[in-house]
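**Student:** Got a structure for you, questions after.
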Amino acid sequence: MTYPAKPTSTRSLMLEVRDVTKHYEGVTALDHAGLSLGAGEIHALLGGNGAGKSTLISILSGVTKPDSGEIVLGGEMISVSGPLAAMSAGISTIYQELSLVPALSVLDNIYLGRELKRKTLGLPLTLDRRRMEADVRDLAADFGVTSSELRQPVSEFGALKKRSIEIIKALAFDTKVLILDEPTSGLEEAERRVLFSHMRSMRDRGVSLIWVTHHLEELFGLADKATVFKDGRTVGTVDIASTSVGDLIGLMFGAAQEEFGGGDTRKITHLEPSHKRRVVLSARNLSRGSAIRDVCLEVHEGEIVGLAGLAGAGRTEVVRLLMGLDARTAGTVELDGRRLSLRNSTAAYRAGIAMLPEDRKQLGILADLSTAQNISISRLSTVASAGFWMSRRKERALAEDYRRQLGIKTPNVEARIGNLSGGNQQKAIVARCLNTSPKLLIFDEPTQGIDVSAKVEVHALVRDYAANGGAAILIASEIEELLELSHRVLVMKKGQVVGEVRDIPAAIEAGDFSRIKSEVLTLSAAGQIS
Amino acid sequence: MKHSSPFARIMSIPGMPMTVVLIVSVIVFQLLNPVFLDGRTVGNYLTNGIPILLLTLGVSIVIIGGGIDLSVGTVAGLSAGTTMFALVNGAPLAVGIAVGCGTGLLFGLVNGILVAYLRINDFIVTLATLNIAAGLLVVLSQVQPLQGVTVPGFSELTKGSVFGIPTSFFIAGVVFVIAHLLLAKTIVGRRLYATGISAPASNVAGVSVPHLRLFTFAASGLLAGIAGVLFASRLGAVQAFLGIGYEFIAIAGAVVGGITLAGGGGSVWAALVGGLFLATLQQGLRINNVDPVYFSIVTAVAIVFGVVFERQVRRVILRAALNRTALSTNDRGRSADQHMNERQPAERVAAVTAPEGSKNDAK
């Protein structure tokens, strides 16, 4: 594949990775992979799970040693023998899981392990905080951290500030190449924009960025180039200015995939007007202290109701009330016309409400149990005799059924679920929910942290569930995802429902995607962020 | 997953590495002194060890469910005391046994309610009940000397036999088999492991975590009660400080056997093997004329050694064996996944409903 050379490609080379190969116990993670990074360039690194991105990053940051290959930084061949060697060579990495020490101040975090010291009694024993602060003050201010914030513990800050602190930490020392692993995860729309402006200002300082992301639409207008990995090999490098999401997906997965971004509605089912359909869930005046106030919510059969809002708007809190995970202080919940008391989650499942929770690793999977055991756990009676005696055979058969139906990719349903990829774990959790034959299924951030192709599959599961007459509530921070899947969106703010957008499939079909998107965004951010 | 070697599969069963150690230590002690495996000696030391084994089992159940119970030792002591008290005051045998078991169960329920429903830290709660039980036993022993029971059959509980098996063996056997079936084969057992692995995730999945917590403490309390009755039967007299320190032997036995303190790992078998190992070690030392003052030191070293051994075996040998054949590293898992990603997702989802089989089972 050839791509027209753009002026950007004339930038001098900062980093070149040549012919890097890495085997793990017989499996080839990287196969003569390469990457060329210009000076002051934002370079996206793309690929599905298992494409080799993580391996390349861990090689560049000194965590893993390659079997063969060369790394050339600024014209010199370097050997990255360990994390410290990488940093002193000028390669820093900001991992998806933040690596700041919460209890230490911002300043101490920035200088952790590289502290400036002052001599006391002739020995360098005391930290010279004044000098450290003087050295980074201007830099910190550029990335939105004031000098008084430098002295506060990191634990007091949100996700965006923490990323900024990591950026300052990298730039405080001579960093030529900064690797960002999914830097926008956990950030809201407005926060993302701030992060992107930080990335631009780093580029302006001449730092080269390697940016790993699953969110392809974020690349446009920001990244200069993208290199696509597949099966440990470099598929190609493209100029972002001359490509599209579809092209990139084609490179990543070989075949044209289902829609991604842009508001395609091919799969969504159109619904009859709501008064003709049965109401499945009717929640009135749900309240929990002052956190959730008077939330009213109806879900009809076959309908996907999206909850939109910023972080902290109370979306997850509302569904936790519906699941009986938190106690409500007021309000009623009716399912199929029957009043529910919802004393705990067991009661919710028994009544016919199931939930796929946010934060798959902490709240979703039971990592040490097998895939089969994870699927059966919410309704063990389906795999037991006489109501209490577990049948391993039935459990296995149930899991095999779902494995086929939902396309869960695992060689063995009785192997530990913790070893599966994120997308397959998520499908197993969907299976767990379906096994309880729910009347209402709640999806809370169903595609968090899973790769693009798994995402498309999970989207299909959500749609198919509704198409078969199920009622669903969906929470998704990614507004495009929310709109593409929902029939109707309720917008929440500060624990209340502040607006509703109806007939979304029809609106999207009429080409109004960006109008309803801005409508939802305006509602959820009104008076908060421009 | 392709099957790994049979050795690796056997050793991956919780408690298996320790079983090997137990067998080896028995052989070593036997070679050192042939009296070791003499029938009478074995019967004796096992009879003495059985109450502690029951405590180990109780603590193990709590630990598997993600908690800790420090009160088992003194609760067993108090249960021995209340049994004695009832019998000394003329209660029939059955009532005496019921009083002892009931004392343990009551303490277990109190522990469980405080931990599960009032959400007080289990370490604190059981530390408190440990001291309450210890204190009550002192009070009780001052009310009346706890000895001189003549109720027929009471001492037979530990000294007699059923179907040719020593009675306490029989009781312990029944208890262990029931516990094993409960944990390994029933819905309750599965929920117990799930809760131990992650209480928040289990709660989201619809498991009643508080009910299970209560159950584990109640079970542990009941087992402490049974242990107390056996103590009283074997000793014939209950001293004011009976049971103090036994909680540590019980917890040590559980941990040595391979029950992970973090919760969610281990089995009844592991608890049994760990408890037996500690008992065997002490007996071996005793028979080889080691001064009893060294017991606690040797036992402590053995505990650390045992835990390290268990973990290393499971980590090193197993990983090597499994890696050769199965997916267990992330990268390998990802690659396998990636291969399947290449396939067209046509067969992806036909219809998303609960499988027919499962629906039928539900009815």
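Every residue, even glycine, has its Cβ placed from backbone N, Cα and C.
Just so you know, TrEMBL annotations never went through curation; they're auto-generated.
Residues or ranges marked as transmembrane segment by TrEMBL: B:12-33, B:45-63, B:94-116, B:123-143, B:163-184, B:191-209, B:215-236, B:248-272, B:292-309. The region 'Disordered' feature in TrEMBL is assigned to B:331-363. The annotation compositional bias 'Basic and acidic residues' is assigned in TrEMBL to B:331-346.
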**Student:** To the transmembrane segment (B:163-184), which of B:12-33, B:45-63, B:94-116, B:191-209, B:215-236 is linked by the most Cβ pairs under 8 Å?
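**Tutor:** It is B:45-63 that shares the most Cβ pairs under 8 Å with the transmembrane segment (B:163-184).
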**Student:** Does the transmembrane segment (B:248-272) come close to the transmembrane segment (B:94-116), meaning at least 3 CB pairs under 8 Å for residues 6 or more apart?
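**Tutor:** Output no: the transmembrane segment (B:94-116) is apart from the transmembrane segment (B:248-272).
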**Student:** For the transmembrane segment (B:45-63), find every same-chain residue at least 6 residues outside the stretch whose CB is under 8 Å from a CB in it, and list them.
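**Tutor:** Same-chain residues near the transmembrane segment (B:45-63) but 6 or more away: 69, 72-73, 76, 122, 158-159, 166, 168-169, 171-172, 175-176, 179, 183, 192, 196, 216-217, 219-224, 226-228, 230-231, 234, 246-247, 249-251, 253-254, 257, 259-261, 263, 266, 268, 270-272, 274-276, 278-280, 282-283.
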**Student:** How about long-range neighbours of the transmembrane segment (B:12-33): same chain, 6 or more residues beyond its ends, C-beta under 8 Å?
**Tutor:** 256-259, 265-267, 269-274, 276-277, 280-281, 283-284, 287-288, 306, 309-310, 313-314, 318, 322
**Student:** Which sequence-distant residues neighbour the transmembrane segment (B:248-272)? Criterion: at least 6 residues beyond either end, Cβ under 8 Å.
**Tutor:** 13-19, 52-53, 55-60, 63-68, 70, 72-73, 176, 179-180, 183-184, 193-198, 278, 299, 302-303, 306-307, 310, 314
